[in-house]
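Trainee: Have a look at this one before I ask anything.
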Amino acid sequence: MGCDRNCGLIAGAVIGAVLAVFGGILMPVGDLLIQKTIKKQVVLEEGTIAFKNWVKTGTEVYRQFWIFDVQNPQEVMMNSSNIQVKQRGPYTYRVRFLAKENVTQDPEDNTVSFLQPNGAIFEPSLSVGTEADNFTVLNLAVAYNNTADGVYKVFNGKDNISKVAIIDTYKGKRNLSYWESHCDMINGTDAASFPPFVEKSQVLQFFSSDICRSIYAVFESDVNLKGIPVYRFVLPSKAFASPVENPDNYCFCTEKIISKNCTSYGVLDISKCKEGRPVYISLPHFLYASPDVSEPIDGLNPNEEEHRTYLDIEPITGFTLQFAKRLQVNLLVKPSKKIQVLKNLKRNYIVPILWLNETGTIGDEKANMFRSQVTGKINLLGLIEMILLSVGVVMFVAFMISYCACRSKTIK
């Protein structure tokens, strides 16, 4: 009887040990299987999940505009007073609904090239007025439709998954010809996706043709997006700092007067990118800008929640599942004896014209699909691993303790 009991306890301990070992083995094996599957599905080629969503996004993307209406133009022209502005908006357009065009794979260098056509549909129900409002300085549907961005040439990831979606060339070049040194480089992806297995410690680089430069985002927080764990990456204030604070930005300072010998920050002169027109880009309401930039403008209320740019990245696939891209368009206005309305000005202004908020969030249907095909399977595998390991360890310890207790009683 004692032998049967001891044998049973030993058998239970052995089964527990086997379950624990199997659970332990399943962890690295499961991780390898996940990595293999993900690497296959994020390649930009016909038949993958990534390619299908890359060619034409299933996410509804909206671009909202707020127009700065100047309240005291005569006072400014005659007395160089502070400019009083009042924002009007939003005026909302649906954008990025057209599929990529001229998609061409190049097996020689494992790249895929494409043209991104632009289109805009005005959304009256999401707007405060009509496109005919007399203070609206831009009709996006007219300025945006029948244009295209590119040609882009990006790596498809077939030979090296760590390069997938990274831009090789833009309009046939690896540099922009707008800036000096490293500032002129085209870095990273277009922010729609990144190489898989994103780490919180990474600096995510991406190129935006809207601001005529490459920029970067850093990890801020974990976010739960419709049941999908994502990492929120944000554009840091350091990206807009002066060369005094961030020496890497020295090559974005292109003149000494308006920038006060490169000590001003938070605005970017992109006139070289705009055929010489005095256009400056900033974050909305001059968020992160130096006081000298915003001081001549009354009516601005910068805050991070409304005016910063962020990307919500699903870390395993590298897909951007939610984003908000915010920027402000400004014009440099300075005294000019040749222009009647400017001849009485006694100082320079960087005048806010409009700011935009381009947003997109994965739809409920796609979120359900993503949970079932990606995060759901990974969570299930992780659960099985933990159950096997935990049950195995508990069984082994419990049966071994019981066996030892029985042995000690038998000896007595």
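Each residue, glycine too, has its Cβ placed from N, Cα and C.
In TrEMBL, annotation is done automatically, which means it is predicted and not curated.
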Trainee: Could you pull the disulfide partner of CYS262 out of CYS251, CYS253, going by TrEMBL?
Mentor: CYS253
Trainee: Scan CYS251, CYS273, CYS404 and flag the one TrEMBL records as disulfide-linked to CYS212.
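Mentor: Cross-referencing TrEMBL, the cysteine bonded to CYS212 turns out to be CYS273.
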Trainee: For CYS183, which disulfide partner does TrEMBL record out of CYS7, CYS251?
Mentor: CYS251
Trainee: Taking only same-chain residues 6+ apart in sequence, whose CB is under 8 Å from that of CYS183 (disulfide bond), what do you get?
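Mentor: When sequence neighbours closer than 6 are ignored, CYS183 (disulfide bond) has ARG213, ASN249, CYS251, PHE252 within Cβ distance under 8 Å.
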Trainee: For CYS212 (disulfide bond), write down the residues of its own chain that are at least 6 apart in sequence and whose Cβ falls under 8 Å from its Cβ; none is a fine answer.
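Mentor: CYS212 (disulfide bond) has long-range Cβ partners LEU176, TYR178, ILE270, LYS272, CYS273, LYS274, ILE281.
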Trainee: Same chain only, sequence gap of 6 or more: which residues have a CB within under 8 Å of the CB of CYS253 (disulfide bond)?
Mentor: SER242, PRO243, SER259, CYS262
